[in-house]
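Below is one structure, written out as C-alpha cells; the observations come after it.
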C-alpha cells in the first residue's frame, strides 16, 4: 500500500512542494522498501527505453520495404535481401537508418532542452501517464502503418515517451537513496538487450513485425504499474545511506554556502544558480556527448554499411545482430557499477572515438575478413557506452549538493541526446556519399 499512497501523493504534489516527512520505517519495512524501489527503478529503466530500442532495431526494416498486400509490415522476413543500389559496393537503402535515429531522438532533445526551464512545475504522475500512453501509441502506429512516413510518426511517439520518462525518472532519483541510480541504469541497459533480442528473436522465429510490435504493448502497462504500484513514497527514504562515507571523501562538484535544502527544491533555484550548476556539470556532460556521438555514428551511420556477403545472414539479419550485441554490451556495463567505478569518463570518450575511426576505416577499405570481428568490436563499443552513462550519473550524484541534485540530473540528460542527434545529422550525408561509390 506504500506504493499507492506515494503515487497519490505525487499526483497532487509538484516537485517544488514540500511535505511533512513520515516517521522512519522499522528495519524490516525499510529493507522491504529498499528492494521494492530497487526492482521498481530497474523496471522503470527497462520499460522507459524499450520502445526507443525496438524502433532502432527495426530501423533497417522500416526503411527497406514498402508494405504489400501479402506482407503486413515493412519487413520482408525472407533471408535474401534485394540490393537497393546495384551500382554501389554497399547494399544501401535509399534513406539512411540515421533518418529513423533522428525521428527517435530529436523530440527527446527538445524535451531535455526545455525540461530544466519549467518541467518541474508539472507533477510526476501526469508525466508518467503521458510517457506510457506515447509508448503504447508508438507500437500501435508503426504496427498498422502503411507507409514509411506514418512509421516515422510512430517513432516520434517513442522518442517523446523515452525523453519525457528519462528526465522524469532521473529527477525522481533525487528523492531516493543513490543506489537507485545503479538500478535505473541497469534497467535501461536491460531495455537495450531485451528490446533488441526480443525483436530479433520474434521476427527470426517467423512472427510478422506487426505481431511482434503488438506483442510488446504490455511494456507500457508494466511502466505504469511499476510507478504507481511498486515504487514507494520517497518521503520515507534516506538519500544518504552506505554511500555517505564515499560522498564525503569526494570534492563537491558545485561549491555553495547556501543552507542545505531537501532534494526536490530545485524549483527555488534562480537562473543564475542553474547556470552556475550547469557550468560545473560540463566536466561530465562533454565526455558523455562525445561517447554517444561516436557510438551512434557507428550504430546508425556504419552498421548498415558493414555488410558481409560471405555469411548465411541476410543484410537485415546482420543489422539486427549488430543492434543486439551492442545492447548486450550496454546492459553488462550499466549493471557493473557495484564492481567498477570510473571517475575519469574522458578516457571512455577517447576509446569510443578510436572505435569509430577503426570501423570507419573498415567501411572504406574493407580489411576485416569476417563478421565475427565486427561482432566483438560492437560488443566492446556497447561496454564503453554503458560505462560512460552509469558512471557519469553516479559521479554527479556523489559530487552535487542535495539542493542541486534534482536539477543536475535533469540537465545532464541532455548529454546523450545531444551526441546522438549530432551523429544522426552527420550520418545522413555520409550514407549518401558512400552509397554513391561504385
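Numbering starts at 1 and runs along the chain as it is shown here.
Glycine too: its Cβ is placed from the backbone N, Cα and C atoms.
Taken from TrEMBL as is:
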- 1-25: region 'Disordered' (REGION)
- 98-122: transmembrane segment (TRANSMEM)
- 128-145: transmembrane segment (TRANSMEM)
- 181-200: transmembrane segment (TRANSMEM)
- 212-230: transmembrane segment (TRANSMEM)
- 281-298: transmembrane segment (TRANSMEM)
- 344-365: transmembrane segment (TRANSMEM)
- 371-390: transmembrane segment (TRANSMEM)
Top partner of the transmembrane segment (281-298) among 98-122, 128-145, 212-230, 371-390 - counted as Cβ pairs under 8 Å: 371-390
Stretch-level contact, the transmembrane segment (128-145) and the transmembrane segment (212-230), CB cutoff 8 A, at least 3 pairs: yes
Maximum Cβ pairs under 8 Å to the transmembrane segment (181-200) - stretch from the list 212-230, 344-365, 371-390: 371-390
